[in-house]
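As structure tokens, the structure follows; a few thoughts come after it.
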Amino acid sequence: MNAMLETPELPAVFDGVKLAAVAAVLYVIVRCLNLKSPTAPPDLYFQDSGLSRFLLKSCPLLTKEYIPPLIWGKSGHIQTALYGKMGRVRSPHPYGHRKFITMSDGATSTFDLFEPLAEHCVGDDVTMVICPGIANHSEKQYIRTFVDYAQKNGYRCAVLNHLGALPNIELTSPRMFTYGCTWEFGAMVNYIKKTYPLTQLVVVGFSLGGNIVCKYLGETQTNQDKVLCCVSVCQGYSALRAQKTFMQWDQCRRFYNFLMADNMKKIILSHRQALFGDHVKKPQSLEDTDLSRLYTATSLMQIDDNVMRKFHGYNSLKEYYEEESCMRYLHRISVPLMLVNAADDPLVHESLLTIPKSLSEKRENVMFVLPLHGGHLGFFEGSVLFPEPLTWMDKLVVEYADAICQWECNKSQCSDTEQVEADLE
């Protein structure tokens with residue numbers, strides 16, 4: 001009799017277990033997708049000045065909420081994974097011309113040139129000189145999307161193809177792109193200045209490209225000639241500081257490190273003959289044993305130590321990272337500079353963000369923009385599930401460039417007016 005009374009309770013127990021399991025799964029989904037995180041305008045770090053007030057008025061994206069896709073857009077990992085795997089959705093195919101430049105060491109640098117498709121907002125000739133992320137080039141979808149949008153807003157675009165990154169372009173010297181080498185980018189900029197003597201430049205760098213463009217501008221004051229402004233998106237500022245965080249499993253950085261190292265190994269090995277062949281005059285410090293170490297490398301730091309630093313003759317990884325990071329050059333940049341990072345970028349540890357924050361407190365020309373979401377070069381927008389072709393990042397860079405062009409145009413008009421009044425007196 002007691003057994004007959006107890007049996008009906010068993011289904012209720014099982015239902016409770018099922019309910020608990022569903023609740024646990026939902027909890028994990030909410031945590032992983034970060035669904036409880038609010039949407040908000042980006043945090044801005046800048047000094048109060050005429051320029052910063054003008055930018056806040058002229059760039060609505062700086063003060064509006066950045067709203068990522070509802071279901072997955074608040075996860076920095078998913079934003080990063082989507083950027084890494086598919087780049088962008090419905091990416092256009094802008095038409096450009098490939099240019100070749102022979103460097104002094106025999107290397108063949110290439111970049112793609114795209115002419116504007118509309119008149120610029122201030123009627124000037126303005127060229128965006130663009131440096132992509134690690135091992136990237138003009139054919140990457142996120143670059144194509146950005147270039148197409150910039151062209152339609154009246155900008156000529158020149159996009160550097162990192163040395164060795166294009167699969168159909170062979171290396172012509174025992175050297176490929178490195179973390180902070182500005183030679184190829186500088187050659188592209190000089191070509192643009194000579195070919196279009198009346199053009200003004202907007203310098204744009206994504207991820208590793210952000211490090212290169214900031215280092216380039218800070219190396220000499222003449223590198224800033226004809227430059228209206230610079231935008232850096234999702235860079236880490238100091239490889240020396242970043243190497244410690246990149247070996248940590250927090251936010252899966254060690255896993256990302258492994259994936260990027262694996263991709264770098266494939267690129268280097270695809271140029272094995274040009275870099276390590278018997279007929280090649282290799283750097284003295286580059287030995288055959290370094291090739292065997294490359295096969296077993298599981299991090300970017302191991303690759304940099306065994307191969308990349310030796311292209312430029314650095315004695316140690318520490319020296320290489322110190323000299324090639326833009327951190328020591330940022331304070332020399334005098335043109336307007338916008339630094340953009342996402343707070344949930346799994347590749348850039350939050351400790352690295354003290355660098356742009358500190359710089360923006362000391363320099364009137366610097367604005368640091370830090371949205372809550374976006375991941376690494378993601379910044380997708382959309383309503384619920386499917387992202388839009390254009391990202392918040394694409395629109396922000398062009399909006400900022402437009403504002404700077406207008407600022408310079410206003411300054412020029414004011415100077416002309418003052419000159420006329422002085423002549424009348």
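Placement of Cβ uses the backbone N, Cα and C atoms for every residue, glycine included.
According to TrEMBL, the protein carries these features:
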ACT_SITE  Ser207  active site, charge relay system
ACT_SITE  Asp345  active site, charge relay system
ACT_SITE  His376  active site, charge relay system
DOMAIN    127-382  domain 'AB hydrolase-1'
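Taking all protein chains in view, 26 other C-beta atoms sit within 10 angstroms of the C-beta of Asp345 (active site, charge relay system).
The two recorded residues, Ser207 (active site, charge relay system) and His376 (active site, charge relay system), have Cα atoms 8 Å apart. In this structure the alpha carbons, written CA, of His376 (active site, charge relay system) and Asp345 (active site, charge relay system) are 5 Å apart.
Listed active-site residues: Ser207, His376; maximum Cβ neighbour count within 10 Å falls on His376. Regional average pLDDT for the domain 'AB hydrolase-1' (127-382) in the model is 94.
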